[in-house]
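One structure below.
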Amino acid sequence: MNSNVENLPPQVLRLVYKEVSALAADPPEGIKVYPSEEDITELHTAIEGPEGTPYAGGVFRMRLVLGKDFPAAPPRGYFLTKIFHPNVGHKGEICVNVLKRDWKAELGLRHVLLTIKCLLIHPNPESALNEEAGRLLLEDYKEYASRAHLLTEIHAMGGTSGAPQEPADGPQPKKHAGDPNKRVAGAGLVTNGVAANNLSNSSSSGTSSSNTNIVAKKKMDKKRALRRL
């Protein structure tokens, strides 16, 4: 989504910055807040699944987006972590009254975060975005809890803190025979080996030639001595 920083009045931006800074320094229990340094109108958070619910043990990443009419209009909330919940749509959109008809400008972002966390404890099937989850909640809570817990295990228990993740450095490729550096080094070794071998052969050749000359000289001296007799 596009940033709304340029669309909000300076006094509103100051209030938002002040509240977001306070949330980051002293967040509600079970909620972590990660302000964006580039866009104060988009707030990333991580909500711990409340104990005694199918979401316990999970960490759910979420974001709040402040529109150009904030605080007259409520922020929009989205779950970034996949969750099976009546009030969360398939694209992560959140349906809760505080983000709709019950919104008041003086409520603030802290109240919004606490309300969304409470939604994990007390889902509202009457305003369901996920109709299947809403139906199971009313007709077969055991099946609803099983499905919700399964998705929590799969998507919300990855061992991360919920912080927005930077692209991770992948496994470094291992050096292998095709590595150009190794090919150069190998070529150098081969070249040096060939040079050393040639030097050795040259030395052996030189020694053999010298020995042959000595033998020939001795034969000539012997012939000359015989001729004098």
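Note that the numbers count up from 1, one per residue, in the order the chain is shown.
A Cβ is built for glycine as well, from the same backbone N, Cα and C atoms used for every other residue.
According to TrEMBL, the domain 'UBC core' annotation covers 11-157. For CYS95, the entry in TrEMBL reads active site, glycyl thioester intermediate. The region 'Disordered' annotation in TrEMBL covers 158-229. The compositional bias 'Low complexity' annotation in TrEMBL covers 197-213. Sequence annotations record features per position, and here TrEMBL assigns compositional bias 'Basic residues' to 216-229.
Sequence-distant contacts (6 or more apart, same chain, Cβ under 8 Å) of the residue listed as 'active site, glycyl thioester intermediate' comprise ASN87, VAL88, GLY89, SER127, ALA128, LEU129. In the predicted model, the domain 'UBC core' (11-157) shows an average pLDDT of 95. DSSP states for the domain 'UBC core' (11-157), grouped as helix (H, G, I), strand (E, B) and coil, give 59 helix, 26 strand, 62 coil.
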